[in-house]
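What TrEMBL says about this one:
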- A:1-143: domain 'Ferritin-like diiron' (DOMAIN)
- A:148-181: domain 'Rubredoxin-like' (DOMAIN)
Ligand SMILES: [Fe+2]
Ligand SMILES: [Fe+2]
Ligand SMILES: [Fe+2]
Ligand SMILES: [Fe+2]
Ligand SMILES: [Fe+2]
Ligand SMILES: [Fe+2]
């Protein structure tokens, strides 16, 4: 694998691991504030980031040993409203800069496996941002968010509110590959 | 907070998030190979890394916005024997280099909160290494590891095989603060 793309996969593994971690801690804070659905949303999306991290990690299985990831993360947790803003900011960075750049370079370097791993994540971060924005608006008005079941594709991390589709629209996985957060 | 120590906390948050993530995926692989206790050990220690990451993250709550973590991670997953070797290598780096350096700099810069967060993690990584070495020896002989209940302190990540102590020897937390992985 070309070294620039390889480093981007390493960085993306770090970024997804850190997003997964932040959302677990943000879920705890939401529970303390009795925002049960916001907590469930953080846990579901944390799981999607776990799938993303795993996809990048597996795309790097040719490596052997220690490498340094250079990965942006949002710091400064607070109450749930603040944490939702940090989550929106993190997803926005991934949507507007990180994944478009990583995809562009993977295409330029003709690294198909890396490109697919980045595209799978990219497809879903937009949905994460929308869900967090909906939760932000609810919490900003003093309410928990209205939230149906959230389903996560175990193959690509695709995230949707509602029932699982017959096929994942991003990776094509079958319905049985979805995990529900109800 | 002084900037060098602050950057080390950011890096340590990244490193712990990545260790947490790797051990979750290594647990899945161990389950596939029917090493049930090795899988449980990975899940328990993954949880300890989650506590470590949370401690570093909270020590940085004065920050606000995005910062880049520069964090070493071990790549190249394989079967469970290989994954245990990667886990041992990662813990060894933290014990022999990363945390001693971060603690030394925190002392030098008189950053007590950061120093405590690093020392809490450091105290436990040695136990992680020992537990992974025991698991490595078992798997290397073709067996699952003999493993009693594993207890994790929710305050500092202290990890022990056996029943929870009355007080955490690292941070002083009471018995009720321990989570069991049986
Ligand atoms: Fe993601
Ligand atoms: Fe996301
Ligand atoms: Fe999918
Ligand atoms: Fe740790
Ligand atoms: Fe550890
Ligand atoms: Fe403790």
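Backbone N, Cα and C define each Cβ position, glycine as well.
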On the 0 to 100 pLDDT scale, where does the domain 'Ferritin-like diiron' (A:1-143) sit on average?
97
Can you count helix, strand and coil residues in the domain 'Rubredoxin-like' (A:148-181) using DSSP?
3 helix, 13 strand, 18 coil
